[in-house]
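A.B. asks: Pasting the relevant annotations from TrEMBL:
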ACT_SITE  273  active site, tele-AMP-histidine intermediate
BINDING   57  ATP binding site
DOMAIN    1-291  domain 'RNA 3'-terminal phosphate cyclase'
DOMAIN    137-239  domain 'RNA 3'-terminal phosphate cyclase insert'
């Protein structure tokens, strides 16, 4: 277990008065016995730059089926490698996942970067009786592209401007006639701990799909390169013709499994994360997933339909 995983387990334990054995860093086996999910106010602190977004992913399905509203104070890294950036969570994950018929509030108190973390995000969420299935199979056409390039701490705003213009130039080569608005920002010093930089770019389509590309700056990495990386990731995600990007794919699986009825999502090639999520969702619920190659696309496109007959979880507390 890493600090990140342990904090996630502890917040779920606290949410439901559960019992956790083997909950220490470096442990290779745990036993978790859940109790009744109560909700309430809970603090989870990785004490590292461990991702607050991953903590949120662990807690959210539980909080939805609690007996009362929850407020989660999640502490750690807000913009970390190998995890969704908080901007992605707010700009892409939130509007799409709310199609399952729930809402949540995400307040970014402080941003925190690698290596020390120190960020804090407050999530407020009320429980639901059940989740509705989603149908995300129509991609539509791209109607706008927007985003933010940020610097914090010791870094000059010029870096953010360089990331932004490099990204715009890169996208322009493929998509010529669309207004692209990537705002360069310097995070206020009282709202950011440490030094960091990065960029997120979102494409919105006529049917309300949101697909993104993002990248983080690090020491010795050219600002143009950061912008280009994010732009290329976005273009890659647009190319496969799915309604979700590669990062959102696996994050929707647990909600599809819990929902009542059939959910359908059109995606690009299935990631290993998604395969893993489907495997465990089927083990742990009565949900049934099928993944089929999408036929109506031109054969050149690598598009799939992820379909799930959800288990129809009912909140016993409401």
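Quick reminder: no glycine exception, Cβ is built from N, Cα and C everywhere.
In the displayed structure, how are the listed features positioned relative to their neighbours?
C.D. replies: For residue 273 (active site, tele-AMP-histidine intermediate), the same-chain residues 6+ apart in sequence whose C-beta sits under 8 angstroms from its C-beta are 249, 250.
Neighbour list (residue 57 (ATP binding site), Cβ cut-off 8 Å, at least 6 residues apart, same chain): 251.
For the domain 'RNA 3'-terminal phosphate cyclase insert' (137-239), the number of residues in each DSSP class (helix H, G, I; strand E, B; coil) is 36 helix, 37 strand, 30 coil.
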